[in-house]
Amino acid sequence: MEAGNQTGFLEFILLGLSEDPELQPFIFGLFLSMYLVTVLGNLLIILAISSDSHLHTPMYFFLSNLSWVDICFSTCIVPKMLVNIQTENKAISYMDCLTQVYFSMFFPILDTLLLTVMAYDRFVAVCHPLHYMIIMNPHLCGLLVFVTWLIGVMTSLLHISLMMHLIFCKDFEIPHFFCELTYILQLACSDTFLNSTLIYFMTGVLGVFPLLGIIFSYSRIASSIRKMSSSGGKQKALSTCGSHLSVVSLFYGTGIGVHFTSAVTHSSQKISVASVMYTVVTPMLNPFIYSLRNKDVKGALGSLLSRAASCL
């Protein structure tokens, strides 16, 4: 099949997590449950923050954005997978695959940058508490979120623009449960040097530098906490940073786990299972981490659910 000039009619085959027919109902039920929990959990976080005036602060503004990104990240991957399992049709069109590649890069970039912005917010709150509301004013908060979205859009568009010049003329089977750029590049029969170079460069810039920013912020936070004389002040500072630090550890831990698994094994099934942790499990767990470890969010959720129950 000569597909190089017919990408509009090209279809890829997503092999999924397993080709065993007996496992498909279990996989469908598991991923449907995780997706519903992800959407409901993150939606509750957004509603709790928007309905409680005490949470109308920079920290929770960034958190509501993070929850929205987590919903979108899962939505760009899981529903298509569920449809493929239910219809027993593993095909995905070239344009749908292109769209999935775009959003599967876009939302993790937003996650990375938002977590970095949140680390800076905690740094200002702990190290410069008297000037916190002056520094983290609504204009700056809006600008920071806008810049993260702009970087995500431009970076993802750059990847997609290079991908659209690729020629596919051989195997169209993707040994994964969604269209991921690295797998698409392996199927191309044209030169992918620029694509691969851009991936490594952007991974360094948008992966390593934000992590260094987070590490720097928390090193300064730790230094400030050690200098505090009040045990109550230390406890309050630790409680405000604990949930964010847990989410950062989970996000980067699963992300590094996927890259490590890809480096040490050629088993596509093992890589796919590792990717589940990064793409599905992490967005699902984030609202639980914030609601269980943050008293303000827990209280807002309790009030929201109480009001909802009284209306029934």
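Cβ coordinates are placed from backbone N, Cα and C, and glycine is handled just like the others.
Residues or ranges marked as topological domain 'Extracellular' in Swiss-Prot: 1-25 (among others).
Sequence annotations record features per position, and here Swiss-Prot assigns N-linked glycosylation site to Asn5 based on sequence analysis.
Long-range neighbours of the transmembrane segment (26-46) within the same chain, counting only residues 6 or more positions beyond its ends whose Cβ lies under 8 Å from a Cβ of the stretch, are 16-18, 63-64, 67-68, 70-71, 74-75, 78-79, 81-82, 85-86, 280-281, 283-284, 286-288, 290-291, 297, 301, 304. Residues or ranges marked as transmembrane segment by Swiss-Prot: 26-46 (among others).
Residues or ranges marked as transmembrane segment in Swiss-Prot: 55-75 (among others).
The annotation topological domain 'Extracellular' is assigned in Swiss-Prot to 76-99 (among others). Sequence-distant contacts of the topological domain 'Extracellular' (76-99) (same chain, at least 6 residues past either end, Cβ-Cβ under 8 Å): 7-16, 24, 27-28, 31-32, 34-35, 38, 107, 160, 163-164, 177-179, 184, 279-280.
The disulfide bond annotation in Swiss-Prot covers Cys97-Cys189. Summarising the environment of Cys189 (disulfide bond), the number of other Cβ atoms within 10 Å of its Cβ, over all protein chains shown, is 13. In the three-state DSSP assignment, the secondary structure recorded for Cys189 (disulfide bond) is coil.
The transmembrane segment annotation in Swiss-Prot covers 100-120 (among others).
According to Swiss-Prot, the transmembrane segment annotation covers 140-160 (among others).
Beyond its flanks by at least six residues, the topological domain 'Extracellular' (161-197) meets 1-4, 7, 10-17, 77, 80-81, 92, 96-98, 100-101, 104-105, 262, 268-269, 271-272, 275-276, 279 of its own chain at Cβ-Cβ distances under 8 Å. Marked as topological domain 'Extracellular' by Swiss-Prot on the basis of sequence analysis: 161-197 (among others).
If you look up Swiss-Prot, you'll see 198-217 (among others) marked as transmembrane segment.
Within its own chain, the transmembrane segment (238-258) is flanked in space by residues 59, 66, 108, 111-112, 115, 118-119, 122, 125-126, 207, 211, 214, 218, 221, 225, 271, 274-275, 277-278, 281-282, 285-286, 289-290, 293-295, 297, which lie at least six positions past its ends and keep a Cβ under 8 Å from the stretch. Per Swiss-Prot, the feature transmembrane segment maps to 238-258 (among others); the stated evidence is sequence analysis.
Per Swiss-Prot, the feature topological domain 'Extracellular' maps to 259-271 (among others).
Long-range neighbours of the transmembrane segment (272-292) within the same chain, counting only residues 6 or more positions beyond its ends whose Cβ lies under 8 Å from a Cβ of the stretch, are 16-17, 31, 34-35, 37-38, 41-42, 44-45, 63, 66-67, 70-71, 73-74, 77-78, 104, 175-178, 180, 243, 246-247, 250-251, 254-255, 257-258, 261-262, 298, 301. Under the heading transmembrane segment, Swiss-Prot lists 272-292 (among others), citing sequence analysis as support.
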Summary of DSSP states over the topological domain 'Extracellular' (161-197), given as helix, strand and coil counts: 15 helix, 2 strand, 20 coil
Neighbourhood of Cys97 (disulfide bond) by C-beta distance under 8 A, where only residues 6 or more apart in the same chain count: Phe12, Cys179, Ile184
